[in-house]
């Protein structure tokens, strides 16, 4: 049989090993439009990918359960080459990796990993255990299986992630890797009508005699007869018409009149018919037709072989051998026109906020604080958190787009870790000063002012003025049944000075004793429950209702409204105190100035006196005359009783 020059050149190329081609043993499985090879070798993931690239492939993908079975078949063949093996777990690299910095997404099937050969994520996964959540290092995936057991179709190899390894340390339990090679089509294996042997050499340097499908551009070496008298023929798998691949041969190979149809059905795919002279021919069953190779049968219905993949449906063209593929909703045909791929609807931005693409469909998601709306839930509307029966805020709640915030009544501030609680403001401890003239008592959301004995609370509820001192406290009037009034009249614990300006502290804190504080001058006083300490039993308190303003100071309530001249009396009293203080300070300054002038003059006189010159006479003094006249008398007077 003649062979073209191009075929000889191809054979020459195939006869030379490719640079870097794997010299290790391997197993090959071809199906559909791809071939899978399994290899022994303790390599890092990067080295394994390089070995696959050298022959035009990539580390294998496992995008479906069907593809997982093809990979398992390759591993089964590979394990037979070294049987028996010891019982241990072995790992084989596949083309699933996660780059450094890409974190794990446990809610997705792929968990943030992607295929090195490209392609979209798929819904299929078969993880051995939970993935590491660390994003610091690159991670790679291998198939893990017990090397001593024959892989079972119901137990597909699990995915195991680990560090990608280095040439010096390829990884723990790494035994090999799997490659995948894609082709535009496949040829059927050559069928022999008599004794002989067929050896296939693939474009990725695999040599085997057992392939269920032979990839495009492979060469078949056919040796007919026994080894001593063998006849060799070479055939090339090529594409006759778009989508149709064959070897370019006609009739069965290695036919022998001695065997006829009894040997391998004469090499025919379906029926074999023998002639009277020892010859035979191939035929097809009803509904099929014999192809040009005179061996293979093809259905007259082009859709009988289900050429459409990816969920596509085949539709034959009437009175023709042609067909078309149609995809389900959410899918479209790729460039081959026979495979359906998912449509990414999110590229058209159909959602108001976030869009999540799924296989054959998509769904919209809303941000926190929003909820889906619209007929297809493609829109998002704000969630009114404040409208709920259980408002998240202790007091006021203000809704905003996608969120909310809490507010508090006057006299309170927002508090809590989530800023939903309200805490009372202690106006009496304000760093800017006491809002009262004398005593200050904090209450929930407000405060009250009081005065020491002999003083009365001014109508404005802040200042204290001289008033009538009562010798005993009147009894407390009956309590009102209104809970709000009762709450206002209760005095919280506080420290109370016994005089205006806080000159003396009272250490005892206010307790509920049932006392009623009042004055004979109309004030804003209200019933108040406080404790009068035993050591200061003569202390008298005059308290008035007082509410804080936004500036931190206070203003009287409507109960404290009085005439304008009453406020003026309090102000005049304060002015009197201020003027008296100024006069006293001025007198002290005048006195200090006079003392200073006196001391300066005295010092100046002493300085002049020290500088005055002295004469010699200043060191002598005159003897009194009386002393001179008496000296002779005292010196020479005779002694009584003597003659002198």
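Each residue's number is its place along the chain shown, starting with 1.
Glycine is no exception: its Cβ is also placed from the backbone N, Cα and C atoms.
Per Swiss-Prot, the features are as follows:
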type	residues	note
COMPBIAS	478-489	compositional bias 'Basic and acidic residues'
COMPBIAS	631-644	compositional bias 'Polar residues'
DOMAIN	382-423	domain 'EGF-like 4'
CARBOHYD	102	N-linked glycosylation site
CARBOHYD	322	N-linked glycosylation site
MOD_RES	619	phosphoserine
MOD_RES	620	phosphotyrosine
MOD_RES	636	phosphotyrosine
TOPO_DOM	594-644	topological domain 'Cytoplasmic'
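Distance noted between the C-alpha atoms of residue 322 (N-linked glycosylation site) and residue 102 (N-linked glycosylation site) is 46 Å. Across all of the domain 'EGF-like 4' (382-423), the predicted model scores a mean pLDDT of 88. Residue density at residue 322 (N-linked glycosylation site): 10 other Cβ atoms are found within 10 A of its Cβ, drawing on all protein chains shown. Secondary structure of the domain 'EGF-like 4' (382-423), assigned with DSSP and counted as helix (H, G, I), strand (E, B) and coil, comes to 3 helix, 18 strand, 21 coil.
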